[in-house]
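Chemist: Handing you a structure now.
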Amino acid sequence: MRGGGGGDTFTVDDALLTLGFGKYQYFVLAYAALAWISEAMEMMLLSFIGPVLKRIWRLSAKEQSLITSVVFIGMLFGAYSWGVIADKYGRRKGFLMTALVTTAAGFMSSFSPNYATLLVLRCVVGIGLGGGPVLCSWLLEFIPPPNRGTWMVVFQAFWTVGAVFEASIAWAVMPTLGWRWLLAFSSIPSFGLLIFYLCTPESPRYLCLNGKIKEAMTILDRIAKVNGTEVPSGTLVSDDDVVASDQDSTPTKRHKQGALTTILKLLSRELIRPTLLLWVVFFGNSFSYYGLVLLTTELNAGRSACAGHKVKAEETEDVNYKDVFITTFAEFPGLIIVALTVDRVGRRLSMAVLFFICCVLIFPLVFQQSESLTTGLLFGSRICITATFTTLFIYAPEIYPTAVRSTGFGAASSMGRIGGMVCPYVAVALVQGCHETAAIGMFEAIIILSGVSILLIPIETKGRKLSDNVKQKCQ
């Protein structure tokens, strides 16, 4: 609490420390988790429908790759756009729009009559899925600083739940009911987001920053009532007002910032270095993560075909559900690693080490290996890349102040979508074209670049409070 001529004041972080992590945060976590499960399912299904549609619609390797790439094209635009909307109009409005777009386009894509229609609808799904960073920012702003690392790991675990759930559904549904039913079932969690939307609160940190102190206090009082605690005594203020008070100046006048203003803040002297390096890391992490998912379905089949092995068409063109299911479970030990390191070792160092270990595990795949060893190496690589992805989604929103948090996180996520957009042409087209060594070499180079880039970011956020302004973040 802070004293001064005007009496005691407190910030949202001060209030959250007093209120603690209780029943109210569990509700917020549950809603965000449902959204994360939904996004994971919509993304994981890409590794299942591509090989099947290639056979049914007689697609080329590039046409098959485009089914995945168009989703990332949509996410590229969605991640930035929803971030701007969330920073300007509020977190709730941001993720409502993303849920509406994802639900409608996801369900409609199951009725796609042809390849072109499917591409359009999956691109729209990608636009909706681009709102994932908004949910992360929203959840982050309800969690007290001491609990932030732990509970964000728990939140990220629901991505793995969604991935495993999708692999299970695909294994059960695809061989009997077909790909259309998989698309329909995968859209169900998105409907749940719309059903429970009216119960979700706006971020008190966002409200406070924008001068809506009364509305922010109403939410903090509600949290106190549900958690059985009390809001601190005094006047609620934003970090902007605290900094202004410390400098004996007038509190900052709040105003709605435009998209150009927000981008200029991201590229300001204080934030340009972490912003550009984060873009590189997000590109590399997304390229590697989704590339490894696709390699699980492509590498063994591609090498068998290139070696001239006589196998049935169904076995080479459709999915090895067992291998995908096994490697998906690699995400659970990845999450355990994050839980043990994120608040002890720190965000940056743990990510760098895991990137380099991933390189070591992938390297033997430059040479042809047995199917079981290939699956084992991909399993270990998936552990590492899941851990870096999880840590990155905790670290990135912590770097940015509230005024540009969703936009900064969204812009970085957009760069990641470019990585996801490119990776199918490496993990699918190159492998099917018998250029497996070149494909693995490209993964090695990009993962090493990501590890170096994360070490060059000058900010470690372990144990630090979130801030509302740029200057405080860089102090």
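Any Cβ shown, glycine's included, is placed from N, Cα and C.
Marked as transmembrane segment by TrEMBL: 26-53, 65-83, 119-140, 152-173, 179-199, 276-295, 324-342, 349-367, 373-396, 408-431, 437-457. Residues or ranges marked as domain 'Major facilitator superfamily (MFS) profile' by TrEMBL: 28-462.
Can you tell me where each of these features sits in the structure?
Modeler: Counting residues 6+ beyond its ends, the transmembrane segment (65-83) has Cβ neighbours under 8 Å at 42-43, 46, 49-50, 53, 94-95, 97-98, 101, 118-120, 122-134, 286, 290, 294, 406-411, 413-414, 416-425, 428-429 in the same chain.
Outside the transmembrane segment (119-140), and at least 6 residues removed from its termini, the chain residues within Cβ reach (under 8 Å) are 28-29, 32, 35-36, 39, 42-43, 66-67, 70-83, 86, 91-92, 94-95, 97-103, 105-106, 108-109, 112, 148, 152, 155, 203, 393, 396-398, 405-406, 409-410, 412-414, 417, 466.
Counting same-chain residues at least six beyond the ends of the transmembrane segment (152-173), those with a Cβ under 8 angstroms from any Cβ of the stretch are 29, 32-34, 36-41, 44-45, 48, 136, 139-140, 143, 181-182, 185-186, 189, 319, 321-322, 324-325, 328-329, 331-332, 334-335, 338-339, 342, 386, 390, 393-394.
Long-range neighbours of the transmembrane segment (179-199) within the same chain, counting only residues 6 or more positions beyond its ends whose Cβ lies under 8 Å from a Cβ of the stretch, are 27, 31, 34-35, 37-38, 41-42, 45, 48-49, 52-53, 56, 92, 95-96, 99-100, 102-103, 106-107, 109-111, 162, 166, 169-170, 173.
Among residues of the same chain six or more beyond the transmembrane segment (276-295), those with a C-beta under 8 A of the stretch's C-beta atoms are 43-44, 46-47, 50, 68, 72, 324, 327, 351, 355, 358, 378, 381-382, 385-386, 388-389, 392, 396, 399, 411-413, 415-420, 422-424, 426-428, 431, 439, 443, 446-447, 449-450, 453-454, 456-457.
Under 8 Å from some Cβ of the transmembrane segment (324-342) lie the Cβ atoms of residues 44, 47-48, 149-150, 153, 156-157, 159-160, 163-164, 167-168, 170-171, 292-293, 296-297, 350, 354, 375, 378-380, 382-387, 390-391, 394, 462, all in the same chain and six or more residues away from its ends.
The list of residues near the transmembrane segment (373-396) in space but at least 6 beyond its ends in sequence, with Cβ under 8 angstroms from a Cβ of it, reads 133, 136, 148-149, 152-153, 156, 159-160, 278, 281-282, 285-286, 288-289, 292-293, 295-296, 299-300, 323, 326-328, 330-331, 333-335, 337-338, 341-342, 347-348, 350-351, 354-355, 357-358, 361-362, 364-365, 408-409, 412-413, 447, 450, 461.
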Chemist: When each of 26-53, 349-367, 408-431 is checked against the transmembrane segment (437-457) for Cβ pairs under 8 Å, which one has the most?
Modeler: 349-367
